[in-house]
Structure formats: structure tokens, C-alpha cells
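Undergrad: One structure coming up, written as C-alpha cells, with questions to follow.
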Ligand SMILES: Nc1nc2c(ncn2[C@@H]2O[C@H](COP(=O)(O)OP(=O)(O)OP(=O)(O)O)[C@@H](O)[C@H]2O)c(=O)[nH]1
Ligand SMILES: [Mg+2]
């Protein structure tokens with residue numbers, strides 16, 4: 001995924017990739033700040049990821065989606081086909097961490113190459129594709145199929161920071177990490193990168209590194225408040241307090257939609 005081109009890769013896949021011809025697709029290009037594209041490409045090349053393509057599957061017509069199959073054909077040209085030497089069709093597999101747009105990519109390829117509709121279900125949370133699906137045709141000449149697979153995270157996540165980045169990009173179910181902690185990491189990242197569009201979006205006067213202050217602002221602006229009963233020495237009273245979790249969720253959702261600007265977390 002674009003915002004996490006390094007953290008968003010499952011190192012366990014690397015072994016498989018070393019024996020099979022492969023192309024690394026960095027999707028969700030619309031959400032990423034690509035001003036440092038060369039730095040990322042260099043780092044990827046060092047770990048054997050020389051073939052990289054940036055895509056945006058939400059765009060009706062994406063030039064890079066058009067380049068994908070010709071690139072694949074070039075990569076597999078003259079490669080041994082082992083037991084499949086006789087067959088003229090190709091079967092590719094799309095693998096990656098959850099929610100990066102693997103199924104969307106298959107649908108985009110079908111739309112672009114075959115003018116056909118969706119074949120794989122897509123959704124805004126991890127775990128939409130639950131099993132390796134039957135192969136889906138994405139090209140006629142040559143006959144090419146793609147196997148969609150469920151997103152897989154590495155069994156052990158390298159560091160807390162990598163975990164937070166993966167969570168922010170929706171590869172882990174939010175409630176397993178906690179929206180409040182994720183919002184705090186998001187604010188820290190935006191400030192570190194000098195991406196202050198959150199101020200304008202939520203009517204803040206100045207940047208802040210105090211997540212409670214920011215979430216309170218968001219809650220009040222979005223009217224995400226809750227009335228709770230408080231017991232005082234003078235009796236029971238009802239007070240209105242900000243709904244921090246709802247505010248945190250809105251903050252994260254805005255980031256994922258690109259409403260806080262294009263960001264590169266890695
Ligand atoms: N902004 C943006 N969103 C995208 C892009 N491609 C896919 N999405 C969205 O990302 C979400 C996940 O897409 P899927 O195609 O279901 O992702 P997946 O990798 O198949 O996910 P799993 O099956 O859960 O592993 C959906 O809400 C898509 O609409 C893109 O290029 N840009
Ligand atoms: Mg999927």
C-alpha cells in the first residue's frame with residue numbers, strides 16, 4: 001500500500017517471491033505523498049523488489065493499470081514454465097496484507113482489459129476476501145487469470161510503530177488496537193510530517209500535539225457528545241461530555257479517505 005510501502009509488506013511472502021517472478025504493486029496512490037518516491041524505490045530495490053508499479057484502483061481509468069499486464073508479460077518472458085510448458089494461458093496470484101485493494105485490483109483489470117464488471121467482493125475493512133477464490137479472467141489475449149487471496153499479516157509484527165501504521169491503514173480491525181491510541185499515533189505522524197490540514201478540517205486555531213484537545217474539538221464540531229449521569233454530593237446531575245472514541249474514529253476515517261491530505265507514513 002502506498003502510505004506504507006515498507007511496513008505494508010509481509011516479510012514471510014519474501015521467500016515465496018524469491019522463487020517466482022513477481023511485480024510489487026503499490027496501490028492507493030491517491031492517498032500517498034509521493035514526493036519522496038525515489039527514496040522508497042531505492043529501499044525496495046535493496047530487498048529485491050525492482051519491479052514496482054503504482055496504481056489507483058478507484059480511478060475509472062488508471063494508466064498504470066493498463067501497464068500492468070504488459071509488465072507481467074515482460075517479467076515472465078523466457079522464464080521456465082516447468083510442468084505448464086504446453087499451456088498458453090497464465091495464472092497469477094495476488095497476495096498482500098489485508099485491505100490494500102487486492103480484490104479492487106482484479107476488478108480494475110477486468111474493467112480495463114475486458115470491459116467487464118466486478119468479480120471479487122471489495123470492502124473498507126480487513127478480511128473481506130476470506131478464501132482463495134476461483135481464478136478470475138482478467139485478459140483475453142493472452143488468456144490470463146488472477147487468483148484472489150485473503151490478506152495475510154505476518155505472524156509477528158516487527159515493532160509497535162509498524163503495528164500502528166498497519167492499523168491506521170486498516171489492515172487490522174480497529175477495535176483490536178483501540179481507536180484512541182490509533183488517533184494519538186495519527187496526530188503524532190501528521191505533526192511530524194508537517195501535514196496540518198487537520199486544523200482546517202476541524203476548525204482548530206493551531207497545530208496541537210495534545211490528542212485530548214484535538215479529539216474534544218472534533219467531538220464538539222461533529223456534535224459527537226454524550227450525556228452521562230454524574231453523582232455529586234448535591235445529588236445526581238447530567239453532564240455532556242465529548243465522545244472521544246467517536247471523534248477518534250472520525251479522525252481515522254478522514255485520514256483513510258485522504259481528507260487530511262496525502263501522507264507517507266514510512
Ligand atoms: N483510496 C483508495 N482506495 C482504494 C483503492 N483501491 C481499493 N481501495 C479501497 O480499499 C478498500 C479495500 O479494498 P479491497 O479490494 O477489498 O482490499 P483487499 O486487499 O482485497 O482486502 P482483503 O480481501 O480484506 O484482504 C475498499 O474500500 C476499496 O474501495 C485505491 O487505489 N485508492
Ligand atoms: Mg479482497
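The backbone N, Cα and C atoms fix where each Cβ goes, glycine too.
TrEMBL lists 27, 28, 29, 30, 99, 100, 101, 102, 103, 104, 151 with the feature GTP binding site. Residues or ranges marked as domain 'G' in TrEMBL: 93-165.
Describe the structural context of each listed feature in the structure shown, including burial, neighbouring residues and relevant distances.
TA: Secondary structure at residue 151 (GTP binding site), taken from DSSP and collapsed to helix, strand or coil, is coil. Annotation for residue 151 (GTP binding site): spatial neighbours 96, 97, 98, 99, 100, 102, 126, 127, 129, 171, criterion Cβ-Cβ under 8 Å with sequence separation of six or more.
For the domain 'G' (93-165), the DSSP counts in helix, strand and coil order read 19 helix, 11 strand, 43 coil.
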Undergrad: Check the domain 'G' (93-165) for me and report the mean pLDDT.
TA: 87
Undergrad: Does DSSP put residue 27 (GTP binding site) in a helix, in a strand, or in coil?
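TA: Once the DSSP labels are grouped into three classes, residue 27 (GTP binding site) ends up as coil.
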Undergrad: The record names 27, 28, 29, 30, 99, 100, 101, 102, 103, 104, 151 as the residues that bind GTP; what is their largest Cα to Cα distance in Å?
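TA: Answer in Å: the longest Cα-Cα distance is 21.
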Undergrad: Quick one: give me the count of other CB atoms within 10 A of the CB of residue 29 (GTP binding site).
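TA: Step by step: centre on the Cβ of residue 29 (GTP binding site), count other Cβ atoms within 10 Å, giving 21.
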